[in-house]
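Quick one: the structure is below, and I'll ask about it shortly.
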Amino acid sequence: MKQLLEFIPLILFFAVYKLVGVQAAAITLVLATILQLILVRILFKKLETSQWIVGLSVIIFGILTAYFDDLAFLKWKVTIINGLFAAVLLISQYVFHKPVVKMLLAKELSLPTQVWNRLNLGWAIFFIICMLINIIISQLFSDDTWATFKTFGFTGLSLVAVIITGIYLYPYIKKLENNNEQK
């Protein structure tokens, strides 16, 4: 449900962009994001740090995009956010030796340290790849192509990353289930 709420502003942005243009799409994105943050807060009683960061960046860069009628600001947002997430994951692992992924999921999963580290590194690499893809598409292709890829391409890539994560974790989850059944 939460993921669906997070996807709605993006779909609205895409539809308004295709029908009306950049300025109206950016305003729609900002308003839909504000509404989405409020709904998540009401329904789930909490906003995650990443939701605050993404939400505020959408609002700031969306307002700049609407004001200047220039999609470049939203293009930068995607690059900056992906770079920021990658940096946080890498710093948490290599500087503080406490992978963010472990901090987020340790209550649900008990995994060996090397698995947490690989998982954390895998997601950092994913965000770096998304950042680089965004730079390439935003600079070498039309705004229409970028908007389409931003809406559907990154969503598809995220789904693939989640599936790969599930496949990677499956043996460990199965092992945990077997251990719990034996108790």
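Each position is counted from 1, following the chain as shown.
Note that Cβ sites are derived from N, Cα and C of the backbone, with glycine treated the same way.
A quick note: this is a predicted structure, and the numbers were derived from the prediction, not measured.
Okay, these came from Swiss-Prot:
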| type | residues | note |
| --- | --- | --- |
| TRANSMEM | 22-44 | transmembrane segment |
| TRANSMEM | 53-73 | transmembrane segment |
| TRANSMEM | 76-96 | transmembrane segment |
| TRANSMEM | 121-141 | transmembrane segment |
| TRANSMEM | 153-173 | transmembrane segment |
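In the displayed structure, how are the listed features positioned relative to their neighbours?
Nonlocal intrachain contacts for the transmembrane segment (22-44), taken as residues 6+ away from its ends with a CB within less than 8 angstroms of a stretch CB, comprise 1-2, 5-6, 8-10, 12-14, 16, 51-52, 55, 58-59, 62-63, 65-66, 69-71, 74, 143, 147.
Note on the transmembrane segment (53-73): residues 9, 22-23, 26-27, 29-30, 33-34, 36-37, 47, 80-81, 84, 138, 143, 146-147 of its chain, located 6 or more positions outside it, place their CB under 8 angstroms from a CB of the stretch.
With a cut-off of 8 Å between Cβ atoms, the residues of this chain six or more beyond the transmembrane segment (153-173) that come close are 7, 10, 78, 109, 111-112, 115, 118-119, 122-123, 126, 129-130, 133-134, 137.
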